[in-house]
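What TrEMBL records for this protein:
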DOMAIN    83-497  domain 'Major facilitator superfamily (MFS) profile'
TRANSMEM  124-143  transmembrane segment
TRANSMEM  155-179  transmembrane segment
TRANSMEM  209-231  transmembrane segment
TRANSMEM  237-257  transmembrane segment
TRANSMEM  325-344  transmembrane segment
TRANSMEM  356-375  transmembrane segment
TRANSMEM  387-404  transmembrane segment
TRANSMEM  410-432  transmembrane segment
REGION    511-537  region 'Disordered'
COMPBIAS  515-527  compositional bias 'Basic and acidic residues'
Amino acid sequence: MTFPELLDRVGGFGPFQFLHLTLIGLPVLGMANHFLLQIFTATTPAHHCRPPPNASAGPWVLPTGPDGKPEKCLRFIHLPNASLPNGTQGATEPCLDGWIYISTRDSIVSEWDLVCDSYKMKELAQSIFMAGVLIGGIVLGNLSDRFGRKTILSGSYLLLAASGCCTAFSPTFLSYLVFRFLTGSSMSGISLSTVILNVEWVPTRVRAILSTAVGYCYTTGQFILPGLAYVIPQWRWLQLTVSLPFFIVFLWSWWIAESVRWMVLSGKSSKALKILRWVAAFNGKKEEGEKLTLEELKLNLQKEIALAKVKYSVVDLIRTSTLRLLLICLSLAWFSTGFAYYSLAMGVEDFGVNIYLLQIIFAGADVPAKFITILSMSYLGRRITQAASLLLAGGSILVLTFVPSDLQTLRTVLAVFGKGCLSSSFSCLFLYTSELYPTVIRQTGLGLSNLWARVGSMMAPVVKILAEVQPFIPNVIYGGMALLGGSAALLLPETLNRHLPETLEDMDNWFQQAKEPEQDPEAEKASQRIPLQPHDR
C-alpha cells in the first residue's frame with residue numbers, strides 16, 4: 001500500500017483537506033505583499049536639488065539637460081550677489097544640500113536620499129531581500145527535512161512577522177537591509193513548506209488544481225497590495241500593516257497537520273498513525289481510521305521506513321547522469337523564471353503608467369494565466385506547459401526591446417502578457433519540481449531548485465543597471481534567458497497522472513521509460529490497466 005492509497009482510505013479529498021488548504025493558503029495572500037512591497041515603498045518621486053542655505057529668497061533656477069527638462073542631480077553654483085544664470089549656462093555642482101521631493105507619499109528613497117549617485121542602493125535593497133530568500137531556501141530546506149515541514153513553516157511565519165515589523169522601525173538604511181534580508185529568508189521557509197504540505201496531503205487526481213488554487217491566493221494578494229499602498233502613503237505604516245497579520249497566522253499554524261510521509265521517513269510511525277486516524281475521523285471515515293494499526297502501517301509502508309535509514313544530501317542530486325540532467329534543466333527553468341519575472345514585476349515605474357493601476361493589471365493577468373495553467377497541466381501535461389510558458393515569455397520580452405518608449409499601451413500589453421506567462425511558469429514549476437524529485441530528497445531538491453529562482457531574482461535588479469550602457473541590453477538578457485529555460489524544460493520527463501517517486505531509483509526509471517519508443521495504442525491501454533509494482537510507485 002502506498003501513501004496515495006492510504007490517503008484515499010481515510011477520505012481522499014474531504015473536509016480535512018479543505019481546512020488544511022485554507023490554513024496554508026490564506027497566508028500566501030500576504031506573501032505577495034512582501035515580495036512586491038518595494039514597488040510602493042521604494043518609489044522614486046520627482047525631485048531636484050535643494051538650494052544652498054545662503055541662497056537669496058525667490059525662485060531658484062535649475063539647470064536643464066539636453067532633453068530640456070530640469071536636472072535632478074545638478075544645481076548652479078551659488079555665488080553671493082551674482083545674477084541668476086539661465087537654464088543652460090553657468091557652472092554646476094552636485095546637490096550638496098540634499099534634495100526636495102515632490103510627492104504626496106514618502107518612501108525609503110526620499111527618506112534616505114537614494115537618488116542620483118545613490119540610486120543603485122534602491123536596486124541593492126531588492127537584491128538583498130532576494131539574497132535572503134536564496135539563503136533561506138538553502139538553510140530552511142535542509143532544516144525542514146530534519147525537523148519537519150510544520151515546525152519550519154510555523155517558525156518562518158514568526159520570523160516574517162518579527163522581521164517585517166522591525167523593518168518598519170528601521171532607524172538607518174543598513175538596518176533596513178538587515179531586516180529585509182531576514183524577511184526574505186522567512187519567505188523561503190513558508191513557500192517551500194506550503195508547497196510540500198499541499199502536495200503530500202491531496203490525492204494525485206486533484207494535485208494540479210489545488211496547487212494552482214494556492215497560486216491564486218498569491219494572485220489575490222497582488223490585488224490587495226496596490227489598494228493598501230494607495231490608502232497608506234507612509235512606507236513605514238504600509239510595512240507594518242502587511243507584517244502584523246503574520247503573528248495571527250503563527251498562532252493558527254499549530255493546527256496544520258504535519259506531513260505523514262516525512263514522519264514515516266523520520267521513524268515516527270506511531271505519530272503518523274495518530275494523524276491518519278484523526279484525518280479519517282475528520283473526514284467522516286472514523287471506522288476506516290480505527291482499522292489502521294501500527295503493524296499494518298509499518299508492513300505496508302516498509303519501503304518508506306527502510307528509506308528513512310538512508311541519509312541523502314545535495315550531493316546525491318548529482319550522483320547519476322539522470323539526476324544531473326534533472327538538476328540542470330530544473331535549475332535553468334527556475335533561474336530564468338525568477339530572473340525574467342522580477343524584471344517585469346519590479347519595473348512597474350518604467351512603463352510611464354500609474355503604478356497602482358498597472359499593478360492591478362499585472363495581477364489581473366495572473367487570473368486567466370493560472371486558469372489556463374490548470375487546464376494545460378491537466379490535459380497537455382506539465383512539460384509542455386512549463387516549456388511553452390517560458391518560451392512565450394521570452395519572446396514577448398524580446399519584442400518589447402524593439403517597441404519605442406512612446407508606445408506605452410503596446411509596451412504595457414507585452415509586459416502584461418509576459419508577466420502572465422511567467423506567473424504560469426511559477427505555478428507549474430512548484431508542482432512539477434515536487435513531482436519530479438523523490439520523497440527522500442524532495443524538500444532539498446525543491447529548495448535547491450527554488451534557490452536558482454532567487455539567484456535570478458537577485459540578479460534582475462543588477463542587470464537593470466546595464467541600461468546605462470545601452471537601453472536594450474537588459475531586455476535582451478531577460479528574454480534570452482527565458483528562451484533558454486523553456487528549451488531546457490523540453491528535456492524533462494512528463495509527470496501527469498504518475499505517482500510521486502519515492503527513491504532515486506524511481507527517478508532513474510522514469511527517465512528510462514521516457515526514452516523508450518511509444519507503444520502500440522492497444523498495448524499502451526493494456527499496460528495502463530496493469531497495477532504499478534511497488535518499485536514503480
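Even glycines carry a Cβ here, placed using N, Cα and C.
In TrEMBL, annotation is done automatically, which means it is predicted and not curated.
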Top stretch among 155-179, 209-231, 325-344, 356-375, 387-404 for CB pairs under 8 A with the transmembrane segment (237-257)?
-> 155-179
Mean of the pLDDT scores, which run from 0 to 100, over the domain 'Major facilitator superfamily (MFS) profile' (83-497) | 84
Under 8 Å, at least 3 Cβ pairs, sequence separation 6 or more: does that hold for the transmembrane segment (410-432) versus the transmembrane segment (325-344)?
-> yes
For the transmembrane segment (325-344), could you work out the same-chain residues 6 or more beyond its ends whose Cβ comes under 8 Å from its Cβ atoms?
-> 126, 130, 317-318, 362, 386, 390, 393-394, 397, 415, 418-419, 422-423, 425-426, 429, 433, 436-437, 445, 448-457, 459-461, 463-464, 474-475, 478-479, 481-482, 484-486, 488-489, 491-492, 507, 511
Any residues 6+ beyond the ends of the transmembrane segment (209-231) with a Cβ under 8 Å from its own?
-> 17, 21, 24-26, 28-33, 36-37, 39-40, 194-195, 198-199, 202, 238, 241-242, 355-357, 359-360, 362-364, 366-367, 370-371, 373-374, 377-378, 423, 426-427, 430-431
